[in-house]
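Each remark here refers to the structure printed beneath this line.
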Amino acid sequence: MTDSLTIARPDDWHLHFRDGDLLAETVPATANVFGRAIVMPNLTPPVNTVAEAAEYRERILAQVPAGVNFEPLMVLYLTDSTPVQEVERAANSDFVHALKLYPAGATTNSDSGVTDPGKITHLYEAMEKHDVPLLVHGEVTDAEVDIFDRERVFIDRYLADIRDQFPALRIVFEHVTTAEGVNFVREANALTAATVTPQHLLMNRNDLLVGGVRPHNYCLPILKRRQHQEAIQKAVIEGNSRFFLGTDSAPHARTKKEAACGCAGCYSARAALPLYATFLEQHNALDKLEGFASHFGADFYRLPRHTDTVTLVRKPWAVPTVIDAAGEPVVPFFAGEQLPWSLG
């Protein structure tokens with residue numbers, strides 16, 4: 001049994017920093033561990049243009065702790081009216097690394113998203129031409145589709161066609177939650193990948209609903225049946241390079257989670273790497289952590305792997321029960337739980 005593990009510095013390929021005063025909590029929490037992060041653009045208003053991404057990037061960089069080398073990888077928010085010229089500007093920038101497809105109404109601050117993903121093929125064509133990755137929140141939002149089926153229906157209705165029509169387009173199936181999603185990524189071409197969150201790896205819908213509703217485990221896409229969780233786990237345990245770390249860390253004030261209509265999102269930034277390590281060790285696959293956390297995402301995004309390292313030590317660490325974020329209490333994912341691994 002190893003008492004420490006040193007890996008190349010990891011990256012987080014999907015997170016939500018939020019904005020304003022919250023950045024003072026979220027940016028250091030990530031930057032102290034991860035070398036880079038794909039930053040979601042679903043602010044209010046959303047980050048629609050390269051110019052807006054540049055301004056947001058500066059606000060993030062202003063909160064990076066002194067002496068810490070961290071690079072935010074910016075993303076633009078696709079809408080029905082995104083011009084092709086904005087895709088070209090993104091491709092020509094050195095800090096915008098992808099465009100994000102949010103079906104309108106699918107998740108937090110997605111009301112400005114795409115109303116019909118099948119009707120923006122001109123944008124997919126431009127992204128393919130200029131080699132700008134497409135990041136997908138893979139859910140439909142039709143009222144008649146059950147919330148637990150939204151990912152499967154999205155694949156059948158939209159994603160399979162997008163993949164077939166644009167074979168040279170890099171696509172990331174963000175926060176994959178179903179066996180159908182895992183199988184889609186496995187069977188698609190090599191320009192298809194998925195990010196995996198700690199909550200979808202470690203939990204299923206029983207952890208949300210059995211014994212009472214647990215609002216701090218509530219996220220979108222929602223937790224699914226155990227069989228879907230096991231499909232995600234298998235992909236990570238076997239070290240499939242199409243699946244890599246993306247926390248989807250997303251803070252909300254406790255008052256907005258513990259409410260009659262609570263917000264979706266799990267704030268996992270501080271605990272993420274120990275959580276992934278704990279899971280992999282439990283499945284005798286700790287040797288897969290470096291690929292999953294440090295190599296596969298960098299390779300997919302065609303960025304250099306980090307040469308510096310981080311070290312995890314076998315030292316019990318209790319996840320804080322509450323974190324002060326801009327004067328608001330935030331309950332983190334796995335709050336109060338003791339993990340066997342901590343950052344050295």
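Positions of Cβ are set from backbone N, Cα and C atoms, glycine also.
All protein chains shown were included, and the count of other CB atoms within 10 Å of the CB of His16 (Zn(2+) 1 binding site) stands at 25. What Swiss-Prot records for His14, His16, Lys100, Asp248 is Zn(2+) 1 binding site, and it gives sequence analysis as the kind of evidence.
The number of other Cβ atoms within 10 Å of the Cβ belonging to Phe17 (substrate binding site), over all protein chains shown, comes to 24. In the three-state DSSP classification, Phe17 (substrate binding site) falls within coil. For His16, Phe17, Arg18, Asn42, His137, Leu220, His252, Ala264, the entry in Swiss-Prot reads substrate binding site.
If you look up Swiss-Prot, you'll see Lys100, His137, His175 marked as Zn(2+) 2 binding site. In the three-state DSSP assignment, the secondary structure recorded for Lys100 (Zn(2+) 1 binding site) is strand.
Marked as N6-carboxylysine by Swiss-Prot: Lys100. Within 10 Å of the C-beta of Lys100 (Zn(2+) 1 binding site) we count 25 further C-beta atoms, all protein chains included.
Counting every protein chain shown, 28 other Cβ atoms lie within 10 Å of the Cβ of Asp248 (Zn(2+) 1 binding site). Asp248 (Zn(2+) 1 binding site) carries neither a helix nor a strand DSSP state and counts as coil. Annotation comment: Swiss-Prot describes Asp248 as active site.
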Specify the secondary structure state of His137 (substrate binding site) as given by DSSP, simplified to three classes. coil
Measure from the Cα of Asp248 (Zn(2+) 1 binding site) to the Cα of every one of the binding-site residues Arg18, His137, His175, Ala264, then give the nearest. His175
